[in-house]
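Noted in TrEMBL for the protein shown:
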- SER519: active site, nucleophile (ACT_SITE)
- ASP652: active site, proton acceptor (ACT_SITE)
- 481-665: domain 'PNPLA' (DOMAIN)
- 159-191: repeat 'ANK' (REPEAT)
- 225-257: repeat 'ANK' (REPEAT)
- 322-354: repeat 'ANK' (REPEAT)
- 355-387: repeat 'ANK' (REPEAT)
- 485-490: motif 'GXGXXG' (MOTIF)
- 517-521: motif 'GXSXG' (MOTIF)
Amino acid sequence: MSEWWDGLEKLAPGTGGLIRNILSPESIPNKVLEVKLDRYTKRVVQRREENLVLYGPAEKKYEVVLAPALESASKGFSLYRVESTDNAEKRFDQLKDKLPVIFGVSKEECNVTMIQKVCDGLENNPGWNIAHLAAYCDLISALNSDAVSEFLDKADPNTGMTPLLVAIQAQNVQAIKTLIGKKISLDCVDNEANSVLHYAASTSKEILTLLTDVYLKCLNDHNAKGHTPLHVACLADKPECVKALMVAGADCNISAATEKYSENDTSPKEPGILGNLVQEFSSKLHAQDMKFGGTPLHWSCSREVVESLLEKKCHINALNFDGRSALHLMVMRKRLDCIMALLSHGADLNIGDCDGNTPLHFAVTNRNLTAVQALIVFGASLNYKNNNGATARHLATKDTSSDGNKILYLLHSVGAARCSQDMKECTSGCSFTGKFNGTAPPSPYAIYAREALDQILATNAMDIASHRNGDKSSRIRSHALCLDGGGIKGVVLVIMLREIEQAVGKPIIKCFDWVSGTSTGGILALALAVGKSLQDCLCLYFRMKDSAFLGNRPYPNEPLEKILKDCFGADTVMSEITHPKLMITGLLADRKPVDLHLFRNYESPLQILGKDEYSHGKFKKPVSYHEQFLWEAARASGAAPTYFGAHGFFLDGGLIANNPSLDCLTEIHEYNMALKAVGRESELAPITALVSIGTGNIPTTELQDIDVGRPGSLWNATKLVSGVSNLITLIIDQATQSSGRVVDRARSWCSSLGVPFYRFTPQLSEDINMDERSDEKLVNMAWECQAYMHSQRTVVNELAEILRG
């Protein structure tokens with residue numbers, strides 16, 4: 001090698017020496033080198049501490065050397081080489097009371113690599129004692145020695161770290177086990193309030209479990225940055241540590257300084273202890289999302305996990321480090337089942353993240369049409385602006401694809417506003433003066449040619465009502481609301497009532513004196529009467545479909561009955577509701593011909609007259625409204641044949657009054673006539689307005705093969721089977737009809753009485769089954785309903801004036 005240096009020196013004088021100095025290990029002053037001790041025999045010993053020696057200068061450099069105490073030793077370790085006397089003295093003082101002790105109790109483990117690690121550790125952490133160094137280097141023999149024992153609980157004065165914290169940070173498992181076995185204090189925290197679990201949270205599941213098995217006291221403590229160990233694990237992107245902490249009982253609902261709840265969220269923060277669930281659903285948590293913080297809700301990958309976490313009080317609106325809720329994450333990941341689970345449990349739709357983007361902003365930019373519809377339906381703010389002043393509509397116009405144009409139409413059709421005049425980078429789809437509103441879906445085929453006649457009837461009713469209202473002896477207000485049946489399509493009822501409620505400016509149930517409902521309409525009427533909000537009811541429908549429609553038809557009764565009991569109370573009776581007057585339709589199916597029964601919360605007309613409505617003794621008599629449970633009335637009205645079993649002798653009221661408008665008119669008139677007959681004229685309140693809400697008109701389709709005559713051939717036999725099936729469908733449709741002539745009759749009757757009549761029911765793009773479970777279909781149906789009500793806003797505002805009067 002020396003010949004190589006000499007040759008290089010001849011070619012370029014001075015180069016060889018320069019490169020030799022750069023590449024030589026001795027050129028690095030703090031690099032530990034194994035050396036022969038005989039080279040130091042003629043060196044001046046400037047200082048000595050046991051086997052640590054500071055030698056005087058040779059070639060201008062002082063040198064700190066560790067020499068074994070044995071006289072027979074021929075080798076030692078050069079620790080430090082420097083020209084400065086002060087630096088050499090400083091390093092000697094730093095090492096003199098630590099390294100000899102370490103070397104003395106751990107001779108077998110002290111090689112060049114280990115001594116280098118000790119020296120580096122001490123150089124970087126001058127406040128460490130010998131226990132810190134032993135923990136850092138995983139020197140178990142040192143940790144077990146008497147010479148080190150007194151230092152095991154001593155903290156570094158500069159950082160507050162104890163030897164245990166050092167061992168955890170270095171991930172030295174054996175050192176950790178040894179220190180725990182020494183019964184040292186586990187309550188230690190460093191100067192930044194980081195506990196043993198804060199340190200372990202960024203290491204491994206093995207180390208974390210070692211500690212949580214014996215110590216949980218600081219499991220939910222905050223450090224100086226406002227982070228719990230769970231937050232530290234999230235930030236370190238350690239999903240296995242996150243799960244281990246959850247299993248140990250970490251509270252996922254504790255917020256961090258950078259992870260808070262929505263400003264609008266004032267709900268109580270119950271502890272979210274989810275250990276067992278995290279173990280059960282470990283494979284269904286998205287580990288890649290854990291590094292962004294949040295709760296297990298943010299990391300969930302299925303509806304099952306979301307609902308289980310919410311049941312265990314995992315906070316639905318907690319935010320992660322980016323200011324995003326679980327709903328943000330589910331929209332970004334396009335997990336529709338999780339989106340619907342969160343929405344149906346009341347997640348806040350209008351939280352802006354650190355950039356001001358709401359879930360709707362992300363749904364638009366991700367071209368997620370169904371998510372856009374779902375967020376609209378559940379009440380997302382259409383005109384919420386992010387930090388750049390952009391609304392969802394503005395972002396939608398940036399995407400000129402087919403999906404982008406469809407999303408623009410979804411927003412426009414429900415009232416999303418265009419940008420203000422001062423907004424920049426707008427297109428025709430969002431600019432203040434633009435004309436483009438997106439691409440509309442194909443319109444369903446519908447037959448309806450009565451607009452002109454309906455307008456005449458409405459005008460006549462208004463004229464009579466106006467003349468009557470001009471009379472000073474005006475009557476008591478008596479507005480009636482009628483809600484059709486339709487199974488899960490009760491969602492449509494909720495959407496339309498919500499639009500009317502917003503226009504009126506007060507709860508919809510306070511706008512009416514009479515409310516009648518059939519099947520799903522009856523259930524909704526009862527829910528509103530007991531104080532449920534329309535948003536509560538919307539959430540209930542989307543939760544109910546997945547629990548009530550289990551398996552194949554007919555569905556088991558128990559899940560539905562449990563939902564109804566939870567909603568209305570198991571012991572609440574009809575008479576406890578004093579306003580409004582309720583009439584819920586049911587079918588008495590224990591007799592022929594069958595008969596209509598009204599579940600009331602007031603005296604029936606016959607009772608006012610002192611007559612027994614069911615005086616015959618042959619059939620079982622329905623209970624009094626003082627004894628009639630609400631949940632049973634709801635269950636009886638919704639006992640649709642082939643969907644659910646009969647409730648006692650009751651079947652679904654939709655079989656006889658799927659649109660209860662005519663029955664409502666009849667009941668109100670009979671009620672008033674009964675009052676008049678017994679001299680209670682002061683209580684008379686003839687109807688003053690009737691609002692009929694339907695569950696949507698299905699597209700008109702062609703129906704063939706309705707002939708059921710004797711077949712003359714095999715082909716005719718096939719047509720006979722088809723004809724019988726179509727005829728059954730026709731009969732059922734007519735028996736449960738809620739639109740068409742049923743509405744025409746009610747409208748004409750009201751017109752003749754001078755009673756304003758309003759009918760709202762959207763035209764649907766497809767025939768939705770009563771037990772439909774598809775989120776995509778139901779969300780689209782609900783969006784169509786909201787778009788319909790937006791198109792009817794002039795009529796809605798006209799009705800609102802009447803209801804406010």
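Cβ atoms are placed via backbone N, Cα and C, with glycine included.
Spacing of ASP652 (active site, proton acceptor) relative to SER519 (active site, nucleophile) is 6 Å (Cα to Cα, whole number). Cβ atoms under 8 Å from those of the motif 'GXSXG' (517-521) belong to residues 482-490, 493, 582-585, 637-638, 640, 652-654, 657-660, 693, 695 of the same chain, restricted to positions at least 6 beyond its ends.
For SER519 (active site, nucleophile), applying a Cβ distance below 8 Å and a minimum sequence separation of six or more within one chain yields GLY485, GLY486, GLY487, THR585, SER637, GLY638, ALA640, ASP652, GLY653, GLY654, ASN658. When Cβ-Cβ distances below 8 Å are used as the criterion, the repeat 'ANK' (159-191) is approached by residues 125, 127-129, 131-132, 134-140, 143-144, 149, 151-153, 199-200, 203-204, 206-207, 210-211, 214-215, 217-218, 223 of the same chain, each at least six residues removed from its ends. Under the three-state DSSP scheme, the residue listed as 'active site, proton acceptor' falls in the strand class. The secondary structure of the residue listed as 'active site, nucleophile', as reduced to three states from DSSP, is coil rather than helix or strand.
For the repeat 'ANK' (355-387), the number of residues in each DSSP class (helix H, G, I; strand E, B; coil) is 16 helix, 0 strand, 17 coil.
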